[in-house]
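Below is one structure, written out as structure tokens; comments come after it.
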């Protein structure tokens, strides 16, 4: 749930392991 991935997912996918898309940013926990 925290935006600690430093990645955006405007296309709906995250490349960082363990991160999920909470549009428009990738989050972890």
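Cβ atoms are placed via backbone N, Cα and C, with glycine included.
What Swiss-Prot annotates here:
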DISULFID  5-19  disulfide bond
DISULFID  9-21  disulfide bond
DISULFID  14-26  disulfide bond
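Here residue 19 (disulfide bond) is positioned 6 angstrom away from residue 26 (disulfide bond), judged by their C-alpha atoms. Counting only the Cα atoms, the space from residue 9 (disulfide bond) to residue 19 (disulfide bond) is about 10 angstrom.
Geometry remark: residue 5 (disulfide bond) versus residue 14 (disulfide bond), CA distance 9 Å. Remark: residue 14 (disulfide bond) has 5, 7, 20, 21, 26 as non-local neighbours, by Cβ distance under 8 Å and separation of at least 6 in sequence. Long-range Cβ neighbours of residue 19 (disulfide bond) (same chain, at least 6 residues apart, Cβ-Cβ under 8 Å): 5, 7, 26, 27, 28. A coil conformation is recorded for residue 19 (disulfide bond) in the three-state DSSP classification, outside any helix or strand.
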